[in-house]
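If you check Swiss-Prot, you get these features:
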BINDING   ASP17, HIS18, GLY19, LYS20, SER21, THR22, ASN134, LYS135, ILE136, ASP137  GTP binding site
DOMAIN    5-187  domain 'tr-type G'
Amino acid sequence: MTDLAHIRNFSIVAHIDHGKSTLADRLIQETGTVQDRDMKEQLLDAMDIERERGITIKANTVRIDYTADDGQAYVLNLIDTPGHVDFAYEVSRSMRAVEGSLLVVDSTQGVEAQTLANVYQAIDADHEIVPILNKIDLPASECDRVAEQIEDVIGIDASGAIRVSAKTGVGIHETLEAIVKHLPAPKGTRDAPLKAMLVDSWYDSYLGVIVLVRIMDGVLKKGMRVKFMSNGTLHHVDRIGVFRPAMQMIDSLGPGEIGFLTASIKQVRDTRVGDTITNDRNGTEVALPGFKPAQPVVFCGLFPVDSAEFEDLRDAIEKLALNDASFSYEMETSAALGFGFRCGFLGLLHLEVIRDRLEREYDIELITTAPSVVYHVFMKDGEMRELHNPADMPDLSKVDHIEEPRIKATILVPDEYLGDVLKLCQDRRGIQQDLSYAGSRAMVVYDLPLNEVVFDFYDRLKSVTKGYASFDYQLTGYREDSLVKMSILVNDEPVDALSTMVHRDRAEARGRAMCEKLKDLIPRHMFKIPIQAAIGGKVIARETLSALRKDVTAKCYGGDATRKRKLLDKQKAGKKKMRQFGKVDIPQEAFISALKMDS
């Protein structure tokens, strides 16, 4: 076990694409932790999708041995955290497991919204922060301006910021020295009862669930019985080890160290991020603060395009859920789309990642229904119901009021696009809370309904700002608003997959747009089809799809007009009967296009 004074635990904080994973690669390479022949780009990002999108989804860790210029041998534990807002809780737990952070800022881009969000989490966790200006090899690099911006926007001293090019390896040695000199050593007592924080967990088909832990007090030994404090379950520890990035087994972990344990645990659901692990006898009484189970925020239906693939989809979803405790699912059926699942996600990126993995790793074509958020429906009898699916909305006459989730959105944008961004937020029922400037960029803070953001807000924001805006949000709570369920009826039959919750003031415009879109997408039938948008029993928009018509009077030339009349009346009666019993086939493309519709 290593002496506490010679351990440094740190994480790297950065916006997407500012070079966090590349810097981690260089630190590993410089210290010889991995042989050059085993080295590859984004070494810590194991999933294909992490590599391809250049994002980090799971918190990864590596133990680095480093001999400093003062001749002392140090153990550096790096936790590579996700940078995206959907995984903010994983970030906050990883932050609590370490004592310092490297703040990486791209010297060509400057401070971005997610840099801010994660830096504030590091400051909340009382971290010592070392600023690093990356990409100094690029001609567009402006180190002095960006250092000034770090001081203005974040308020930490950046005069001694380390200038690095993670690509070419410049400044890597200085970074390692700064970690040893400026970051504090961990605290902890060897003789106290075991207290360890669960930082992350994932499923391995050979070892069962692998649990990443940071030891706060006490010692974790092989063969111990440990207790998970959130659910009281007991487990027998059969392996302990560290990552260099490959697994290396050891016998024990002491205070301040970060490693992993396996204990024949079957499901990731039993190991919750942020939980406290202790001895089963004479364990600690007080759990580590800040634990909360992950709550899904965005819900949507996933249906296979080919209904014969339903069982394959069930297997695939169960396998993904093994590895992702924040992903929830339950079966649902839809008259239009058949059997599928109602799934809960942490946010839109999480939804996209899961959907991509299902399509890519399990080769299943999917239809995704419109994403919706969790509403609180207060009934007149005082009961509060959580509404995950608009199709389950109770009868309006029994509803007292509905509350929707609100978010605090922080948007950083060059000032020439500010007007467009303000208009976009206003259109989405936003309330402006703050507007400040850092150099030539504006920072806007808005209170927005999450319902307006999950649909396509991010895409619209990127398009009105030519891709220059960066955006970050956090949930702030629930607030009452005038919300209604809008149903779409095709040939007087409600189509459950197209029902959505909308604000009363915007229902008519949204309903009209939806009806027009469906009119273009549904093929014509032998009878006319009304397409309607309705709130309760009141129709607020309607389009009529005209019938295909056969010319029944073609065989009559000349002769009596009553003969033609008789044939036309007979056709009319047939069409009326057909409309009564005829079934309208809505093609899959119509669903997909209607759901992708610009809100």
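Start at 1 and count along the chain as shown; that gives each residue its number.
For all residues, glycine too, the Cβ spot is worked out from N, Cα and C.
It should be emphasised that the depicted structure is a prediction, and the values quoted were computed from it without experimental measurement.
Largest Cα-Cα distance over the residues recorded as binding GTP, namely ASP17, HIS18, GLY19, LYS20, SER21, THR22, ASN134, LYS135, ILE136, ASP137, equals 17 Å.
Cβ crowding, taken as the number of other Cβ atoms within 10 Å, peaks at ASN134 among the binding-site residues GLY19, SER21, ASN134, ILE136. Computed over the domain 'tr-type G' (5-187), the whole-number mean pLDDT of the model equals 77. ASP17 (GTP binding site) is surrounded by 15 other CB atoms, counting those within 10 A of its CB over all protein chains shown. DSSP classifies GLY19 (GTP binding site) as coil under the three-state reduction. ILE136 (GTP binding site) carries neither a helix nor a strand DSSP state and counts as coil.
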